[in-house]
Amino acid sequence: MPHLPSFPHVSKSEFGGACGNLAARYAGQGGLQTDWTSVDVVQHDGDSYLKIEKDLHLEDHDTTGGRLDVEVDEDELREDDQEALIPPPFLKATIEFDIMLSPIYQVPVLYFSIRDPRCRHPPTMATLYHNIIHPQLKAQAENVGVIGGISITDHPATNSPVFFIHPCQTAAVLEASVGAKDITPIEYLMLFIGAIGSYVGLIVPLRIVQDNVRA
Amino acid sequence: MSGSRDVASRLRQTVWNGSVPLEIRLHKGDCRTYDDSDPYLIQFPRLSYLGLLLHKLHGFFASSLIYPDVSPADAWLSYEGVPLKWHYPLGLLYDLYSGVEPAYPADGSGKKDRDVEEEQKNMPWKLTVHFSDYPVEHLVKLDSEGNHLHDLYMHSVKEADYLRTGTGRTVMFLSKEDSNQLWDSVKQHSFTLYNPINQKLLNPQGVNLRHLPVKLYLPHAASDTPDKESTPGSLRVVQSLVTPSLSSRQPQTIGTALNHIIPSLFQSRRSALLAQAVLHGAVLPLSASVEDLLRATAYLDGWLHIAIVMMA
């Protein structure tokens, strides 16, 4: 497995390779989990980016427990429960995560937005803090930049407003979480999702991580 | 040398003072008297952001609104049905959408008289303000306190700094006062406040500029890869790493940069055949050095925001 010579930064080809790798892994193992509903590599202007979708669970934030810690267990419970209540697809809101390589910072950037057939969740800060950010992480997320570490900007490919996590600290965060260890592009991508995505409920399902252990 | 510095500082002043007269009318759907309200007239700086007008527009039209208690943050502007992005400077919006022919370098082609006439006919630029049906799919929604606009601006300033220095440290280590002064200078359009901070950002200590912040905006009609889902006024925004020079002898010019970034539209580095690059209402000479342009004519966030216009 090739390692990353410019860590904490990542090149276009390393990033593209990691996206393809994760999508392939989802194609193989995705059926064994229920958190992510699709993973695709999207081509735009000669670059590739990763699009991950999952259902938006609005009721999650009414509970006070640490949702992030129990995520995996919940999934395993649901996997076994053939009669789990699934909302009709036409009313279901989904959340889309786009992981794109920033040509400026040379690290991945997480963009996300809610797709809802009833348009209940426009890209506003109210939506962000009511429906996406876990209440326990709210203070932490709000504590950076002008309006917090997460704000709204135009998506680099669609030019439509979406949420994004400010990338200017990403390199430092990645560096701090890996230390001196050599990592591969796919490990880098999963590390990024773990370090940045968990704020907004994007967590690599165990089934997909495990593939890594065996490989 | 002092001669070229004079030219640069005069150019900086001219760009700073550039402005567009605006005539903003209330959309009839929001107006108590259908289309009978007075227009809001203003001569607005090209470098500045229309989002800074939020409260003035709300105040001016409050008495004509069907629902006078709407928030200033519900306001949005459009030109001929195209929602105008709050965080694009006015000059960029005008160069992209007004349809006014850009100015050409004075080469005695005899086009000048017609252009002036044409430009007068289109003045003021007639925009519509709406207070309902916010196009959330197209525009970032602002807040009454101006925090979103400030956030978008700072993000862009940081990106520009990261490109110039490779670290982004100049912005990160600006003092709180300097950082506030920068945003105040934007809000007040004050060169006295802006220039000292800008000089710090443009001349980071101990580093040469690594990359030049250049963004290209291609209207979808002019794009070589038309998007199926494109909506009126939608754009393809292209950015790529642009170095100050190609080699020790050869500075990066607009021609070499465009040829590198969008070769399909700029096959030649010396003459424009299919499209031209427009900045501050003027067609950029392809021989212009990108670094010289950046130092004298960048927008307030440190970027050269260049509109790519197809040639007729």
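Heads up, the Cβ atoms here are built off N, Cα and C, so glycines get one too.
Database features, via TrEMBL:
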type	residues	note
DOMAIN	B:15-131	domain 'Autophagy protein ATG5 UblA'
DOMAIN	B:148-203	domain 'Autophagy protein ATG5 alpha-helical bundle region'
DOMAIN	B:211-308	domain 'Autophagy protein ATG5 UblB'
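For the domain 'Autophagy protein ATG5 UblA' (B:15-131), the mean pLDDT of the prediction comes to 89. Residues of the domain 'Autophagy protein ATG5 alpha-helical bundle region' (B:148-203) grouped by DSSP class, helix first, strand second and coil last, total 47 helix, 0 strand, 9 coil. Residue counts for the domain 'Autophagy protein ATG5 UblB' (B:211-308) under DSSP, split into helix (H, G, I), strand (E, B) and coil, are 19 helix, 27 strand, 52 coil.
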